[in-house]
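Novice: Per TrEMBL, transmembrane segment is recorded for 12-31, 69-89, 101-118, 138-159, 171-199, 205-223.
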């Protein structure tokens, strides 16, 4: 019986209930809620420090008008980071490997930045479609190219997150399968393969964190162009 490595990316169901809903709800349950006390425990203090540092770094290039997005962008970053990290645990499902979910996050946020730009500064927003000093014969071509690049942005956001996580999960499963197959035949090679698997797992942890940050960072850059 041949194994299908892509079965791990199928949305699981139990008693007809899609478990992706549980996977999307779980991160919010795991985080402790800050209390009204003057002194919090170490976990809440570390969590608050991380959120404050990330929010400060994210809003650094933004105008004061874009600071209204601090709460939603920080929440999105924590949400994606939690989903990516929890998906690395055994017997878990990673919702961010589904292109539909990533596009469902990317398209509304991208569309919101475009609508804000069109409402607040329509001249500057439309001016991005035509660079200054463009020769007259190239104006129609550049407008078409810039419009296509504008509409490709949400697709690039969703595909980047999906492709990176899917490729990492597939590579981990392939190397793990190879290590188990080689263990009874060539122990030394199997141990070397297991070492590569361990290093790849560390790399995948870094990729999971970086991709969540890149997703939110690109959204903040799109927002910066329109505020």
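A Cβ is built for glycine as well, from the same backbone N, Cα and C atoms used for every other residue.
Map the listed features onto the structure and describe their local environment.
Specialist: Beyond the transmembrane segment (12-31), the same-chain residues lying 6 or more positions past its ends with a Cβ under 8 Å from any Cβ of the stretch are 47, 78-79, 82-83, 86, 92-95, 98, 101.
Sequence-distant neighbours of the transmembrane segment (69-89) (same chain, 6+ residues past either end, Cβ-Cβ under 8 Å): 23-24, 26-28, 30-31, 51, 54-55, 58-59, 62, 95-97, 105, 109, 161, 165, 169, 201, 204-205, 208-209, 211-213, 215-216, 219-220, 223.
For the transmembrane segment (101-118), same-chain residues at least 6 beyond its ends with a Cβ under 8 Å from one of its own Cβ atoms are 20, 76, 80, 95, 124-126, 150, 153-155, 157-159, 161-162, 215, 219, 222-223, 225-227.
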